[in-house]
Amino acid sequence: MCASVFFIIIYMFYIHYSHKSVLLNEAIQSLNIKATGMYIDGTFGSGGHSKLILSQLNKRGRLLAIDKDLLAVKIGKHIAEQDDRFTIIHSSFSKMINHVKNIGLIGSVDGILLDLGISTFQINDCSRGFSFMQDGLLDMRMDISSGISAAEWLSKASQENITWVLKNFGEERFAKNIAKILVSKRRYTPIIRSIVLSKLICDAIPHRNMNKHPATKSFLAIRMFINNELEEIMQVLKDALIILSPRGRLVVISFNSLEDRLVKYFIREHSCALSIPPKLPLTNNQIFSKYKNKCQLKNIGKLTPSKQEIKRNIRARSAILRCAEKLAI
């Protein structure tokens, strides 16, 4: 057995027992899966959602998975070798529409799933720099084959730019204090390790929330900025309206307020709920003819984890699942 295959098998064993997909069953139920359907898992990760989707498809069903993380793609390719219903692509979900066009399935996809959270194996891999609790190189890129690392950005960004990122992406009230300390520190020593960044942030915050690590918001902000996460989410949401078939489902799991706000307002903007009072004596066709620019989605609703799931997996506490269905008009 070659070393790479052995590594993947060991790693799959590790993630099977360490990574818990949040709202796993709820997400798959929300997709309302048809056995012969075509589905897209836009964030393959450790493959938990993809495996459950595949278990509900028959021989004619298909699943396309996408991930920016090269290790996730390696794991996915191992599954693809054993199941010809499954394909995985190394890409960002913001480019999903290009891949769907390439296979001629625009307007024919029955469901899109996006799990916007960072995976356990990414957090636990010290070399990635995502964790403020472990020491490692400060990278933070989802795709290590492109873009600049967090360390590179911190070495060049102005104090004003760092402040803006921490405030707007992390909603960090002490953004100015943190930016000032980071710029002062880098004059003498490059900030290239996650534990160093974490300590500097802690030193900059005068009042601490005992229930949350002081570096939580700043690490989130830098990660989201480095990976262009909000713009990519906005792009895939817009494209989903074109990709989905009539009655196709869009299911998104968010883990912070900025992501959830984007998803919530997108669904509201493209559904009829904002502009049409309930119980009007009108058919769907009549409503659509009057409000066709807005009425493209039906808001199915939102779900949050149970107390039992949060107890089993603390990562679940901030998760919100939102689901919408493309109108069949």
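Every residue, even glycine, has its Cβ placed from backbone N, Cα and C.
Feature annotations, reproduced from Swiss-Prot:
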type: BINDING; residues: Gly47, Gly48, His49, Asp67, Phe93, Asp115, Gln122; note: S-adenosyl-L-methionine binding site
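Where Swiss-Prot records a feature, it is marked here on the structure.
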residue : record                               : Cβ within 10 Å
Gly47   : S-adenosyl-L-methionine binding site : 25
Gly48   : S-adenosyl-L-methionine binding site : 21
His49   : S-adenosyl-L-methionine binding site : 28
Asp67   : S-adenosyl-L-methionine binding site : 28
Phe93   : S-adenosyl-L-methionine binding site : 27
Asp115  : S-adenosyl-L-methionine binding site : 25
Gln122  : S-adenosyl-L-methionine binding site : 21
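Binding of S-adenosyl-L-methionine is attributed in the record to Gly47, Gly48, His49, Asp67, Phe93, Asp115, Gln122, and the widest Cα separation among these residues amounts to 18 Å.
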